């Protein structure tokens, strides 16, 4: 499904009639948290992204921006591993707090940007979003699938298990981790699409195949092209009905040459143009409701330039998801319609 021309205008008209308030303001929420994995520094990600000019960049777009600062997380002194999962109670408590904050922001009518922090935070972010919009769909842009269970995870780190907490189909595969009694599965496998995978554990591969999850590896992107990948993504998620999109974007989806300051970099990632194309196309649907930007770790940059490159990449990704074009200005209703009409004339 290609969201262009008359179909795209119809989609925007329907969205404006039903969800108009969400398009009028943006909430930025920081989540400085690192206990979903073992490497320090990712808790400084929100500050690094703000220092790279995020709020100033967003202030040039067409709607007010509300920076609600950072959540304050309590790290429990006694938090023994469960099985081989470290810090389960701390991670569970942090995500419960985040879930409430995201739910409140979405309920207030804001398009919400969550700045991580590690990717375990997506448990709370997506769950909080689902409280307000249970019909949401999830686009997960990442080098990793993050769909391990405690039984399949080689490391035990919860930032590699986030999606498993969400999926109804995995309910019987997940043990009752301390700290997570508040989480009930809320998402079906058919409502999830992965983009950018290139480091998938064997247990994750089996889960993806068994559940029939739609995913695109970097090989798929090389073969199909990013435009076709996004067309298939929207066809899979939106052809039955238009619904809110939750975009969970791990900065390690980008190639390490562009975003080196992250905990689990994998060579052969998204190019700058591919990453921005993804977020531009999601913006063009008019359906983005919540976005996570996670795993920026300024402590792991080999130089100041490496940290700045990674944080600037994060700002570019967020800004394009909210309407900044590569020409430098926001996408407006009038300019987008004119562009589509011109494309139709060329056809």
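Note that the numbers count up from 1, one per residue, in the order the chain is shown.
Each residue, glycine too, has its Cβ placed from N, Cα and C.
Just so you know, TrEMBL annotations are computer predictions that nobody has curated.
Sequence-distant neighbours of residue 252 (Mn(2+) binding site) (same chain, 6+ residues apart, CB-CB distance under 8 A): 142, 143, 144, 259, 262, 263, 264, 265, 266, 269, 295. Summarising the annotation, TrEMBL assigns Mn(2+) binding site to 119, 142, 144, 146, 250, 252.
Taken from TrEMBL, the feature region 'Disordered' applies to 325-347.
Sequence annotations record features per position, and here TrEMBL assigns compositional bias 'Basic and acidic residues' to 337-347.
Taking a C-beta cut-off of under 8 Å and a sequence gap of six or more, residue 250 (Mn(2+) binding site) has these contacts in its own chain: 119, 141, 142, 143, 144, 146, 262, 294, 295. Sequence-ordered, the extra residues of this chain that approach the Mn(2+) site, with Cβ no more than 8 Å from the Cβ center of 119, 142, 144, 146, 250, 252, are 140, 143, 145, 159, 160, 253, 264, 294, 295.
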